[in-house]
């Protein structure tokens, strides 16, 4: 025991502990056994004595448990070493080793192709079903409104969205196009279609795939950190999520498809992992594939392949080696190429929001850009707190028992309030696209109803700032009402039992606020161009302010305030819009929104939902409290002693009784109960499978058989039952720390190594155990939170 009498000695001791565990990792990864000189290891030097698996499913994990990253890494190293040694034996084995090496790239190719295809189909289906609420194309029922009028020869430029082939439901039923009755009938059918789509979506989710609800990103983050949620990335979840995502977005609810597309892409990744034993039998390797699949999901969601890779690195991935970076890049590239080939938006581009601004931004405009960042941070804080409070109420009251009724009620309220306002009636993606657009001479939107100077003779792309007309002021009132509506309804929509993304609703809130601010700045610059803030850069008759740019900056600010993304957000936004010149305004707004939001709480919306659901996710925040391993380890005072196994004196009946009476995930193995000298650690599931297999296949194994974890079983009289040797399932190098190791170091070890548990010793004698759940509970307790909120192992 080292007594730390000074701060200097404390840091020396901490550094010594860090050096010790780093050296242990080095030895571990090099395949050097930690056994004593008298103990023998297998030929490959496997630390876990686990080269030959005598029974199936050994080394696997139960549902809602955390994987052992070190164990998975060791198994993959052994597998790779075995393949490399065999490749020298024959040409066939060499070819097999090449196929194994290229299997990762093949999986990335398949993920990109399937996720890109599904994203294109979803985009086309959403466009068609969204327009189906208002009318139908008589020439081709499967055409959306825009596609229907593309094929018409009778469309005029003034009425480009009107053509004889497209008819609204009231016109089709009554033959009239105007009047109160026509409006009310269209209103009624709009609400009816919305209710039908949402009811069908929630019913399919509830009956066939409960895991298909929500965004999926909080669970994806948890799974990538090493948690097992069986079925969450299954085939049924993939199918139902794809279908219900179309229905949910088409219903007009305040949600998007971008977040769920990450879940869909990860389901594709998990599907193709099952085709290769390299990934299906190793949970650590599987998570490398899922990280790349998440990048492909964002790539097709936003048409932003580089932003997708950065999103996976910054936001969702827990373990992201360099080779995963390259494979993520390749998967995102293939997915984007596939989506571009399908061309779902009909503009020969990857995205719907592509814009081309013809005016540069000026330094004075950084002030409103930063103000939009402040608004984004405040909106993010408000949304997270209100949404988490509502979701907690849903989980703890009768409201959670009636998910179908909740979806129907929210859909009804949304549809009834959305129809009268043209900016909330249309799909959110179309709304954002219109808010981003610059007002050229060919635009017919209300937002572009400016008073033109009849004597103006300028190129089409260089229209000067003009006074706002009545259409602009009418649009401002409608946008203000739409802003309040979106802010309120999104709080109650996100988290319902249907697929629901948050990216597009957050961007819509910011785009509306940004466009309003942009129009205000534009009109101030026009009417008060002699003010000192405009005098140096805005001359009379010049095109000074671009309101669409403010909408783009506002969208980035609000999305950053909710998710706390920074780098990936900026890259996604300039890929999404093509606005490469406007990176600095986007960066200023994103950083400001994060600073403002972090001032009220460090958690983004996904981390808040992870905590709400009690998932064992260890975030990257620094642990600054001065506690020791002995303060956290179990057993504590007044608790039962630690459940142990001895190396050669425990019977099969004792082991089965211990498994039956406890729910621990594993058990330390010691020399004897008296000495408690640590030998290794054995997993609960491996014990169950080993004993079950031995009873079925090995003669003479009975309840009185002695379980041996030693290399060589001692000689026993013939009258004694056959012993059961289980050394091959024993982890001979469990990670250990001393009881005086600072918890700051322990937390860092759990984060960087992905441990499930860590044994606490003193001079080789076992004192206790620290699990990931214990670490999370201790961190919650230090932050004055409820430690019992961590529900899973």
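Here the Cβ of each residue, glycine as well, is placed from N, Cα and C on the backbone.
TrEMBL does not curate its annotations; it predicts them automatically.
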Between the candidate ranges 72-94, 141-163, 164-186, 187-209, where does TrEMBL place the transmembrane segment annotation?
187-209
Give the range, chosen from 445-470, 523-548, 549-574, 575-600, that TrEMBL lists as transmembrane segment.
549-574
DSSP-wise, what's the residue breakdown of the domain 'CBS' (730-788) into helix, strand and coil?
24 helix, 18 strand, 17 coil
As a quick check of your reading of DSSP, tell me how many residues in the domain 'CBS' (633-697) are helical, how many are strand and how many are coil.
24 helix, 17 strand, 24 coil
Same chain, outside the transmembrane segment (102-126) by at least 6, Cβ under 8 Å from its Cβ: which residues?
242, 245-246, 249-250, 257, 261, 264-265, 268-269, 271-273, 275-276, 278-279, 289, 292-293, 296-297, 300-301, 323, 327, 330-339, 341-345, 427
Between the transmembrane segment (362-384) and the transmembrane segment (261-277), are there three or more CB pairs that fall under 8 A, provided the residues in each pair are separated by 6 or more in sequence?
no
Using a Cβ cut-off of under 8 Å, list the residues of the same chain at least 6 residues beyond the transmembrane segment (549-574) that approach it.
298, 302, 304, 306-308, 310-311, 313-315, 355, 357, 361, 368-369, 372-373, 375-381, 383-384, 432, 435-436, 502-503, 506-515, 517-518, 521, 580, 582-583, 585-587, 589-594, 596-598, 603-606
Are there 3 or more C-beta pairs under 8 Å linking the transmembrane segment (229-249) with the transmembrane segment (404-423), counting only pairs at least 6 apart in sequence?
no
Averaged over the domain 'CBS' (730-788), what pLDDT does the prediction give?
89
